[in-house]
Amino acid sequence: MKTIILRTASTYLLPVLLLFSIFILLRGHYSPGGGFVGGLIASIAFVLHSFARGLDNTKELLRIHPGFLMPVGLALAFLAGVTPVLFFDLPFMTGLWYPEHLPVLGSLGTALFFDLGVYLVVVGVTLTIIFTISESA
Amino acid sequence: MLIAILLGFIFSLFLVITGKFFKGKFSILAAGVPLALFIYFTQFISRISNGEVITQFHSWIPAFGVNLGFTLDGLSLLFSLMITGIGFLVFVYTSAYLKGHKYLDRFYGYLSMFMAAMLGLVLSDNLISLFVFWELTSITSFFLIGFNNTSRESRKSALIALAITGIGGLSLLVGALFLGSITGTYSIAEMLTMNPEIASNPYYILIVLLIFGAAFTKSAQFPFHFWLPGAMKAPTPVSTYLHSATMVKAGIYLLMRLTPVLGDHEFWNTTLIIVGAVTMVYSAIHTLFRTDLKGVLAYSTISALGILVFLIGQGTVEALTAAAVFVIVHALYKATLFLVTGIIDHQTGTRDTTVLRGLRKVLLPVAIAGFLAALSSAGIPPTIGFIGKELTYESTFHFGNMAILLMGLIVITKILLLYAGFVAGIKPFTGVLPERFENTKMPSFLMWLPPVLLALGCIVFGIFPGLIEGSLVKPMVSSMGLDGKEIHLKLFHGFNIILLLSVITIAAGTVLYFMIEPTKKRENWVAKFEKISPQTVITNSWTNFIKFSNGWTNLFQNGYLRNYVSTIMIFLIALTGYSLFSKANFAVDFNSFSPITVYEAATSVVMLIAIGYTVFTRSRLAAVASMGIIGYAICILFVIYSAPDLAMTQFSIDTLTVILFVLVLYKLPKYLKLSDYKMRIRDGILSLAFGTIITLLILEVLAEPKSSEVSDYYAANAYILAHGKNVVNVILVDFRGSDTMIEISVLAIAAIGVFALLKLRLKKSDQR
């Protein structure tokens, strides 16, 4: 599948798709989207890149093994859940919100960090599974 | 108080980065943690002795009534002081005992996690959080028993201990849930007033049995006692700390804590007395047949735990006072004896009582500690052990029916325990020093000072029982729901029958000690009965259970994916079909359906063609591709029916699934063997039946009047409570965020599984 068209396109598609996945992640709270879909789109971006450029190139691009994203994401999601318990004496997973509206992001709350955690875990899981299987194929 | 409990966990996390520092010269600094906690808890002594109860509350999962409520009263204060005080000495001792050990930092990590879990256990007011800490103590104990993880025996003992205490933990959880549903609260403080209601409940016996299951496994009561001698494979500081002074007393703590809630009932009292009596006599007899010092101590510990259960079973003020004092007595002398044994083992390299002699010449301070502890264990005045024994005799003597029989049993136990204490604390130090031990060196003072301090405690509290009377014993008895005002501890009770029995005990025990030498021959003789011991019976039924479940699993999970799918489908058709046809009335109102649009019809046609192609194509790749088309067609249906979130996710998932399939198919051999006609017809019927059932089910669901309470709530509150307009996403990250949390954990576990499976196989082929 290493056609020149796909190869050239993948160079531009990867950043665009990644940006799109982040857009999907951020808009999730108000419109269709969210961490799960965003994560899947980001993984598709990397998988596409690996098809066009070869797995080794994608891995080099990623620098770290995608598996490391799983604990990072889990920790982030857990921290977002546990913050209200530790600092505000509220039950686990209570949403905390920054009162001011921020540019670009809109209102900022623990839910965003939780969703970001989901995003990272999904990217980590999908890429780990697909990379492992295609390596052993 | 929350910080005090969490300190141990925080410290063990901190060790991950600073492990090197604590492994080297500065290991003694780790003892600062329990010392700080000990000082923290001593501050409360005066307030608690004035009858105050200190509570603290943090909400955790209020929706389920699960909170982190902590209560510091007489009972929890005594245990907290024991946990942190003995903990401090054990930490100090460990720094010398395991000096230079490769994994000393890890050991401190486990030990401080254990300490934190144990503090949480004794301070929790909420039964569910108590259960969580209870399990944490089992888990840390597993790691500590198996600390020498290169030894097969250690690993096996650790697993047995975990299995036994783990089953007990589950029993505690179920018991707690029952109690919670009867009383409507998980707070023990709130249950205190409901004793009559609980006792008259039809489930009372079951609840008590479940709580007993937890307490008896944790506190090594007959017939679950055998994990404790096995747990002696752990390094001696662990045996001292977990398996004699603190963790095994968690069961005792639970019984004491729940005495006002569940006690004062014939079933409770009788069962505890019988189990306690059997345990104390059985394991006291066992001490006669052991030659390993730690074996002797293990069985005498079980026996002491039996005495405690026996006393709690009596349930009178006298008995509970005796139990309270005996907890202190036992912690002091048994910890000393274990530490002394550890020193002997560390300096001479053996724990065999048949060869150890005359060590007083080389290890004098250790000998003094051992001697004092043995006196306290024997109940010889002026040690605190004497007071404990007098109280035990007195309460048993005053216990109405069967007093003579019970008296006989307790006296026999005490005689045998005296023997065990002498064997462990005196025998290695008396007599002529054999040549092989002449070069034995004194250990560092960090090792001999802790047992000496504890042994001094045995004497000091014995001479001045006032020190613990008002401060610890009285508040402890009153927190068990009884009036402790009348308690008065003293060394000398006047000339009476109790004193006579004490004299008989001491005399008979001493005679026994001089008459019976521990020998290998007797140990071997008793080993013959191993076949009928509870250990063999339980481990055998365990092995058979594993065999059975292996057979069962192999029957259903034979490794062929197609069989799994057929099994799942057959069961689903049978079960769903049965209840569908027996209950539903299939009143489908076709007029209520919206008319079919062109888009829907077109999508359905595409889907049908794709299904037909999937079924009849001869190429795997084509089948996978057309499966992808079916998936996309479903996504389009989602879009038409305005479920954009679902459609987006399904689109991405379908794309990835096709990629995954292709990757896997790539590995399979090129020519596929097609199944024969019969199988195809069978599979066809099966899938048609499955599809029909699901369709009928959905039609039936549509016909039912639906309640939209939940979705209305989410829709109404998504913006108000969670600042989000996309209800689906708000449910995922906020309303039901804990579910998402668990789901992503499962995803991560699945990915690790795939990774491990495939990489492991790669490595094997590399080796070949």
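Cβ atoms are placed via backbone N, Cα and C, with glycine included.
TrEMBL: automatically predicted annotations, no manual curation.
The following features are taken from TrEMBL:
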- B:28-46: transmembrane segment (TRANSMEM)
- B:61-108: domain 'NADH-Ubiquinone oxidoreductase (complex I) chain 5 N-terminal' (DOMAIN)
- B:78-98: transmembrane segment (TRANSMEM)
- B:107-124: transmembrane segment (TRANSMEM)
- B:124-410: domain 'NADH:quinone oxidoreductase/Mrp antiporter transmembrane' (DOMAIN)
- B:203-228: transmembrane segment (TRANSMEM)
- B:268-289: transmembrane segment (TRANSMEM)
- B:319-341: transmembrane segment (TRANSMEM)
- B:362-384: transmembrane segment (TRANSMEM)
- B:404-424: transmembrane segment (TRANSMEM)
- B:445-468: transmembrane segment (TRANSMEM)
- B:564-581: transmembrane segment (TRANSMEM)
- B:605-670: domain 'MrpA C-terminal/MbhD' (DOMAIN)
- B:680-759: domain 'MrpA C-terminal/MbhE' (DOMAIN)
- B:685-703: transmembrane segment (TRANSMEM)
- B:740-758: transmembrane segment (TRANSMEM)
Positions whose Cβ lies under 8 angstroms from the transmembrane segment (B:362-384), at least six residues beyond its ends:
300, 325, 328-329, 332-334, 336-337, 339-340, 343-344, 347, 390, 414, 417-418, 420-422, 424-426, 428-429, 433, 437-438, 440-443, 448, 451-452, 454-459, 461-463, 465, 491-492, 502, 505-506, 509
Summarise the domain 'NADH-Ubiquinone oxidoreductase (complex I) chain 5 N-terminal' (B:61-108) as counts of helix, strand and coil residues per DSSP.
32 helix, 8 strand, 8 coil
Could you tell me how many residues in the domain 'MrpA C-terminal/MbhD' (B:605-670) are helical, how many are strand and how many are coil under DSSP?
57 helix, 0 strand, 9 coil
Over the span of the domain 'MrpA C-terminal/MbhE' (B:680-759), count residues by DSSP class, listing helix, strand and coil in order.
70 helix, 0 strand, 10 coil
Chain residues outside the transmembrane segment (B:268-289) and at least six past its termini with a C-beta under 8 angstroms from it:
208, 212, 216, 220-222, 225, 255, 262, 296, 299-300, 302-315, 406, 409-410, 412-413, 416-417, 419-420, 423, 516, 518, 522-523, 525-526
Counting CB pairs under 8 Å, which listed stretch among B:28-46, B:203-228, B:404-424 touches the transmembrane segment (B:319-341) the most?
B:404-424
Could you please provide the mean pLDDT value for the domain 'MrpA C-terminal/MbhD' (B:605-670)?
86
